[in-house]
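Written below as structure tokens is the structure these notes are about.
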Amino acid sequence: AICSLVLYLLTLMLMEKLSSNTVDAQEVELIWTILPAIVLILLALPSLQILYMMDEIDEPDLTLKAIGHQWYWSYEYTDFKDLSFDSYMIPTPDLPTGYFRLLEVDNRVVIPMESPIRMIITAADVLHSWAVPTLGVKTDAIPGRLNQTSFITTRPGIFYGQCSEICGANHSFMPIVVESTPLPHFESWSSLLSTSSL
């Protein structure tokens with residue numbers, strides 16, 4: 001619509017059907033400033049609504065809250081009663097053979113595979129960012145604000161990530177390890193963890 005209007009006015013100018021009074025008229029300038037603005041607003045409003053609808057997950061099988069601290073992560077499984085833990089990087093001298101240095105944690109995030117997972121992410125002190133590239137997830141953790149993301153793992157495995165927002169001296173020592181397991185394994189893990197934390 002905008003291109004058609006511009007081409008039409010250009011054709012009229014080339015054919016000299018517009019006088020110099022019309023070419024310099026403020027009415028024409030006002031129209032071709034306001035008309036594109038209206039078209040852009042009409043395009044933006046439905047797009048914003050769709051953008052927020054895409055971010056919402058209707059019925060997740062599991063909701064997990066991640067809280068960034070200097071310099072570790074806390075996790076709360078909000079669908080379970082009193083199921084929460086802190087996740088610290090394992091120091092290199094304590095690392096078992098075969099584990100990745102600077103990437104392994106003492107408590108992994110365990111999730112059921114092939115289940116929609118909603119992550120609610122925040123921070124307790126400074127800006128952090130919960131990022132697991134192999135899951136396609138990177139969400140900022142901001143103090144006083146809850147950010148949300150969702151994902152589904154299609155296979156069992158271990159997925160590594162890290163805080164990707166510079167948050168202080170030990171920023172590089174905030175690894176994230178997500179372990180995707182079949183549902184029966186997840187259920188036994190969660191019941192074992194909730195029993196041991198009581």
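Note that Cβ sites are derived from N, Cα and C of the backbone, with glycine treated the same way.
According to Swiss-Prot, the Cu cation A1 binding site annotation covers H128, C163, C167, M174. Sequence annotations record features per position, and here Swiss-Prot assigns Cu cation A2 binding site to C163, E165, C167, H171 based on similarity to another entry. Taken from Swiss-Prot, the feature Mg(2+) binding site applies to E165. Positions annotated as topological domain 'Mitochondrial matrix' by Swiss-Prot, on the basis of similarity to another entry: 14-26. For 55-198, the entry in Swiss-Prot reads topological domain 'Mitochondrial intermembrane'. Residues or ranges marked as transmembrane segment in Swiss-Prot: 1-13, 27-54.
A count of other CB atoms within 10 A of each Cβ picks out C163 as the most crowded of the binding-site residues C163, C167. Taken residue by residue, the topological domain 'Mitochondrial intermembrane' (55-198) breaks down under DSSP into 24 helix, 61 strand, 59 coil.
With respect to Cβ neighbours within 10 Å, the binding-site residues E165, M174 differ, and E165 shows the lowest count.
Other residues of the chain with a Cβ within 8 Å of the Cβ centroid of C163, E165, C167, H171, the Cu cation A2 site, are G68, W71, V126, L127, H128, S129, S164, I166, G168, M174. For the recorded Cu cation A1 site, residues H128, C163, C167, M174 set the reference point as the centre of their Cβ atoms, and the other residues of that chain within 8 Å of it by Cβ are G68, Q70, W71, W73, A123, L127, S129, A141, Q162, S164, E165, G168, H171.
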